[in-house]
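Visitor: One structure coming up, written as structure tokens, with questions to follow.
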Amino acid sequence: MASGLVQIKIFDTTLRDGEQMPGVALSISEKLEIAMALDDAGVDMIEAGFAAVSDDEKEAIKLISKEVSRAKVVSLARMTKSDVDAAAEADVDMIHLFIATSDIHLKYKLGITREEALRRIEEVVSYAKSYGVEILFSAEDATRSDLEFLAKAYKTAIEAGADEINVPDTVGVMTPSRMAYLIKYLRERLPPIPMHVHCHDDFGMAVANTVTAIENGADVAQVVVNNFGERAGNAALEEVVAAVHYLLGLRTNIKLEKLYSLSQLVSKLFGVPVPPNKAVVGENAFSHEAGIHVHGVLNNPFTYEPMRPEDVGNRRRIVLGKHSGRHSVIWALKNLGVEPSEDLVNYVLDAVKKLAVKKVKVDEAVLREIVNRYNKGLSMSYAV
């Protein structure tokens, strides 16, 4: 259990890290619409953007700060006073300050020494704190940083006034075992303040690493709806929340039933479709075609489902196709209000399998056509 807490907080960065996805650019009204949906869903902290990027970005963050009623609104800021000023002018509740701590970033991106990085942390965190807002400090590329120096950077930020700290896996190189070690290492050496974890998905490990961090002492999960974000994306809000709830038995403030609609909204405004096999919110997440599976699910859904689809706003789908069996056909016919006689079931099953190999999707309209042809005594040796 993270830091003795039973409730894990959710920090959503869909409007900042998510929007950094190539090809995505949200208008002010679109950012506000997503922010309001995040607030309604129960997100604890909303990173609304990066105020120093542009006047429009600052305006959007300021509007979100005004309109959001429950969640804390956050702006990202580099370790500079001008970035802090821009964030403060956006009337945020929290400023998220970051600076890289890995040697590769210090040398090739910032061109500074470790000592200079510590000096900037002390100076700018203290300056930001003078605005009277909460301060979150991130050590960018923490997971490729020297551990002793990393701990020193966090201690410097905390002593300068940081209220919370974040551990970013900036290029997604962690494994669960390494993440467990890192979180324990930091917990043993730092004061017991809230610790965030921010995982990227370059190796497909973002959710697993986030959940592992929570199991080993992190209090706050930084996430993005639909796994969106730059490169391979970030830990998916819906997957982390479901895992925390169903697998760890811990609570969040998220209304689970809002997950599907939130996913759909973000997909629409980002212009990026949700993969059908996406966990929790994908169209296929609770879809069943294989006859054995359908039989089990119709008798007891938990035979092939780890959670109830309606609990996360999704729904169960029984799909007719190449792998369907009699139970699927009977269920589908009853849903149409058609009495499933043995002859009709056999006819439909044969038709479905023939159509499937022709890549024909057997939806409700096609199924009705199959039934009509059966009633007229016609064969199914044609493509619908």
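In case you wondered, yes, glycine gets a Cβ from its N, Cα and C as well.
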Visitor: Taking Swiss-Prot at its word that His198, His200, Asn234 bind divalent metal cation, choose the one of Asp17, Asp39 listed for that site.
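Guide: Looking at Asp17, Asp39, the one Swiss-Prot places in the divalent metal cation site next to His198, His200, Asn234 is Asp17.
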Visitor: Other residues near the divalent metal cation site, CB within 8 A of the CB centroid of Asp17, His198, His200, Asn234?
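Guide: In sequence order, the nearby non-listed residues are Thr13, Pro168, Asp169, Thr170, Cys199, Asp201, Ala206, Gln222, Val224, Gly229, Gly233, Ala235.
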Visitor: With H, G and I counted as helix, E and B as strand and the rest as coil, say where DSSP puts Asp17 (divalent metal cation binding site).
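Guide: Where Asp17 (divalent metal cation binding site) sits, the three-state DSSP reduction gives coil.
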Visitor: Cβ distance under 8 Å to Asn234 (divalent metal cation binding site), same chain, sequence separation 6 or more: which residues?
Guide: Thr13, Asp17, Gly18, His198, Cys199, His200, Asp201, Ala206, Gln222, Val223, Val224, Asn227, Phe228
Visitor: Among all the protein chains here, how many other CB atoms are within 10 A of the CB of His200 (divalent metal cation binding site)?
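Guide: Taking all protein chains shown, His200 (divalent metal cation binding site) has 25 Cβ neighbours within 10 Å.
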